[in-house]
């Protein structure tokens, strides 16, 4: 019972932090960066952080922990596979649109693409995520895939999932930091410099801290052996979350 209570407290924290990430990134870009548009202006760029944080981080993180929810244990796994794959697909769509937003902004302003460390890590993360989704779909959702193949692929699939989350966190916080260095320059646009810690810097830095906290909570859920979904034949195929203590 204690293991289950601990899970739901941690999972509630995961949900709260995820919502906070989305709210803060929208607040930052709406209140301090003038909102959103799709016209090649800076408002066009603002879609990039919002969609990447929402897609590659929050939706991705929640998709990763679906199988850990005890209420799903002992039931047909297919609906949860579909939910897992669906959240990841939505995450992929958000991420693609987010990448299109930044490429469109750069192209309109004749700015080079993929030159910074942030962009290198980010595009590698997106590529790995795409490969991970394709591997997961072909290995675990196609009924024709042999069980031996699924068993062979699963450890790599799980490991890659955690690594992609870590890379997403790195991409998000490096992107936030890069953006603040670009826009908070007293000598070029009259704003207070980043070093003076104006309100925008406080809001964006707070977003970065919450992103890290969200990622750590998701990794905690994924790494706790007590919260792993019991496999068939492990004497835990019966749905019993209220009595389950992780032993």
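Our numbering is plain: 1 for the first residue shown, then up by one each step along the chain.
Heads up, the Cβ atoms here are built off N, Cα and C, so glycines get one too.
Around the Cβ of residue 114 (heme b 1 binding site), 12 further Cβ atoms fall within 10 Å across all displayed protein chains. Positions annotated as heme b 1 binding site by Swiss-Prot: 48, 113, 114, 115, 116, 118, 178.
Sequence annotations record features per position, and here Swiss-Prot assigns heme b 2 binding site to 68, 84, 157, 228. DSSP assigns residue 157 (heme b 2 binding site) to a helix in the three-state reduction.
The Cβ neighbour count for residue 150 (L-ascorbate binding site), using a 10 Å radius over every protein chain in view, is 13. Annotation source Swiss-Prot lists L-ascorbate binding site at 77, 81, 150, citing similarity to another entry.
Residues or ranges marked as domain 'Cytochrome b561' by Swiss-Prot: 13-223.
Sequence annotations record features per position, and here Swiss-Prot assigns N-linked glycosylation site to 189.
Per Swiss-Prot, transmembrane segment is recorded for 4-24 (among others), and the stated evidence type is sequence analysis. Counting same-chain residues at least six beyond the ends of the transmembrane segment (4-24), those with a Cβ under 8 angstroms from any Cβ of the stretch are 50, 53-54, 57-58, 61-62, 65, 68-70, 203, 206-207, 210-211, 213-214, 217-218, 220-221, 224, 226-227, 241-242, 244-245.
The transmembrane segment annotation in Swiss-Prot covers 47-67 (among others) and rests on sequence analysis.
As annotated by Swiss-Prot, transmembrane segment applies to 83-103 (among others).
According to Swiss-Prot, the feature transmembrane segment maps to 121-141 (among others), an assignment based on sequence analysis.
The transmembrane segment annotation in Swiss-Prot covers 156-176 (among others) and rests on sequence analysis.
For the transmembrane segment (202-222), the list of distant contacts is 7, 10-11, 13-14, 17-18, 20-21, 24-25, 27-28, 31-32, 53, 57-58, 61, 64-65, 68, 158, 161-162, 165-166, 168-169, 172-173, 176-177, 179-180: same-chain residues at least six beyond its ends, Cβ to Cβ under 8 Å. According to Swiss-Prot, the feature transmembrane segment maps to 202-222 (among others).
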Distance [Cα-Cα, Å, rounded] between residue 48 (heme b 1 binding site) and residue 84 (heme b 2 binding site): 24
Beyond the flanks of the transmembrane segment (83-103) by 6 or more, those residues with Cβ under 8 Å of it: 38, 44-52, 54-56, 59-60, 62-63, 66-67, 113, 123, 126, 129-130, 133, 136-137, 141
Tertiary contacts of the transmembrane segment (47-67), as residues 6+ beyond its ends and Cβ separation under 8 Å: 11, 14-15, 18, 21-22, 25-26, 28-29, 36, 38, 80, 83-84, 87-88, 90-95, 97-99, 101-102, 105, 122, 125-126, 129, 161-162, 164-165, 168-169, 171-172, 175-176, 179, 207, 211, 214-215, 218, 221-222, 228-229
